[in-house]
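Trainee: I'd like to ask you about the structure that follows.
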């Protein structure tokens, strides 16, 4: 038996993912780009509807209030996406609502000064104004860390090994939004999962005029097919005698969005009245802003690889965080009921379609703004059952997590040190938030329970985020455990050239500002 050659079992590390039809600065035809942009808009609807559906009833809001919050969240999300793709990191990332803000927001909702207001609508307005004030104040964290370049300085402690758990848990950490939701309506969720895999993977080689239509538009075809199927089940009375919870997750008419939505409505700042400010609320919200910053950092790293770009330099990463802080400020001014972060599912869709074009994401931002103004049409698309989105998330979150694991190719995984850091960071990143989640579910509150509500929110929010826990553990271990002699094992020779804007000639192509603005804001 002949000896196995090294090239037969080894795969050389690659700066950029291969096999992408369009990378960050190349564009498909306008017809294809518009359809791809609409596909990203449909995917962004999931979070834009889920968060207000969870929070607005707790705030005392009506279906009409919920529709207005959904419209506002989409409108501001579209603006933030345009700002981020034009002046921020310039990566093809959709900016949407964040679940990281739910803990401090629910704490505000349960504040006795609001919960004792007898009139539901008045309680909703007062609670919304308090959330707005907290978001406005806490947005300063990302604005300061971003524009002062402090986050860029912090990123110098990152390495490929340290980023593996962070990026991986940006995807894996959202597992509760996947199959647990699919299981609430398996007759819709499981067929969605199977059809999306079949179209995007097994039938991806089928082409029409040299365009792999089934792979590229698998999401649109799957959602449209299962949405129609769910509507047939709804109108045929299949759920008439089922439990209320099952009907909520399966029927296409339970969201009550279409009947409540106005035909035309333009969201505007301070729509709910003047924000109110409370130091305790703002301090609690700052933890969510910090979590959003870390989760977005991981998502930017994943988006860069899925757009076939180089890792964003420290200067570009800080610039993006600064603009994301502006986005949270806009959330507070407009009243979206939550803060902003990078939409992880849309990052995953870049890999599923193999199209990482920035223009496609900018077109999707246009759809977000357009359909948020035309309320009835936007509400029609928003009536897609959550179960369909959850089934798609199972694939897209997994893709993002796998991108995080791909950073291992630049490290020495025959090193016990590296195995220890990667394994412990990933395990604790999953285990600690699971403890906080289980405790909260059984006790009705988080493990941190003192007289200082803001401190409780801080601890419960930070340690409920898998990516945040992973970053704290991995960066600490990577920079304290035999770090001086292990630079090569950590992947630093590959990583160090992407720390600065001029460290790699491709950075200018991917990350330069438009309209020749770099001459006014020279990169470091």
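Glycine too: its Cβ is placed from the backbone N, Cα and C atoms.
TrEMBL does not curate its annotations; it predicts them automatically.
Pulled the feature table from TrEMBL, pasting it below:
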TRANSMEM  38-57  transmembrane segment
TRANSMEM  93-109  transmembrane segment
TRANSMEM  130-151  transmembrane segment
TRANSMEM  157-176  transmembrane segment
TRANSMEM  188-205  transmembrane segment
TRANSMEM  217-239  transmembrane segment
TRANSMEM  360-382  transmembrane segment
TRANSMEM  388-407  transmembrane segment
TRANSMEM  419-438  transmembrane segment
TRANSMEM  458-477  transmembrane segment
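For each listed feature, how buried is it and what is near it?
Mentor: Within the chain, the transmembrane segment (38-57) has long-range Cβ neighbours (under 8 A, six or more residues past its boundaries) at 65-66, 69-70, 73-74, 77, 94, 96-97, 99, 102, 105-106, 109, 124, 217, 219-220, 223, 255, 257, 337-338, 343, 345-346, 349, 353, 360-361, 363-364, 367-368, 371, 381-382, 384, 386, 389-390, 392-393, 396.
Long-range contacts of the transmembrane segment (157-176) within the same chain: residues 294-295, 297-299, 301-302, 344, 348, 393, 397-405, 407-408, 410-411, 418, 421-422, 425-426, 429-430, 433, 437, 465-467, 469-471, 473-475, 478-479, 489-492, 494-495, each at least 6 residues beyond the stretch ends and with a Cβ under 8 Å from a Cβ of the stretch.
Taking Cβ pairs closer than 8 Å, the transmembrane segment (360-382) reaches residues 22, 27-28, 33-34, 36-42, 44-45, 48-49, 67, 70-72, 74-75, 77-79, 81-82, 85-86, 92-94, 255, 257-258, 260-267, 346 in its own chain, all 6 or more past its ends.
Sequence-remote contacts of a segment are chain residues at least 6 beyond its ends whose Cβ falls under 8 Å from one of its Cβ atoms, and for the transmembrane segment (388-407) they are 17, 43, 45-46, 50, 160-161, 163-172, 174-175, 177-182, 188-190, 192-193, 196-197, 200, 219, 222-223, 226-227, 230, 298-299, 301-302, 305-306, 344-345, 347-349, 351-352, 491.
Remote same-chain partners of the transmembrane segment (458-477), defined as residues 6 or more beyond its termini with a Cβ less than 8 Å from a stretch Cβ, comprise 100, 103-104, 157-158, 161-166, 168-170, 172-173, 283-284, 286-288, 290-291, 294-295, 297-298, 420-422, 424-426, 428-430, 432-433, 436-437, 440, 446-448.
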Trainee: Under 8 Å between C-beta atoms and at least six residues away from its ends: which parts of the chain pack against the transmembrane segment (217-239)?
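Mentor: Tertiary neighbours of the transmembrane segment (217-239) are 35-36, 38-39, 42-43, 187-188, 191-192, 195-196, 199-200, 246-247, 250-253, 349, 352-353, 384-385, 388, 392.
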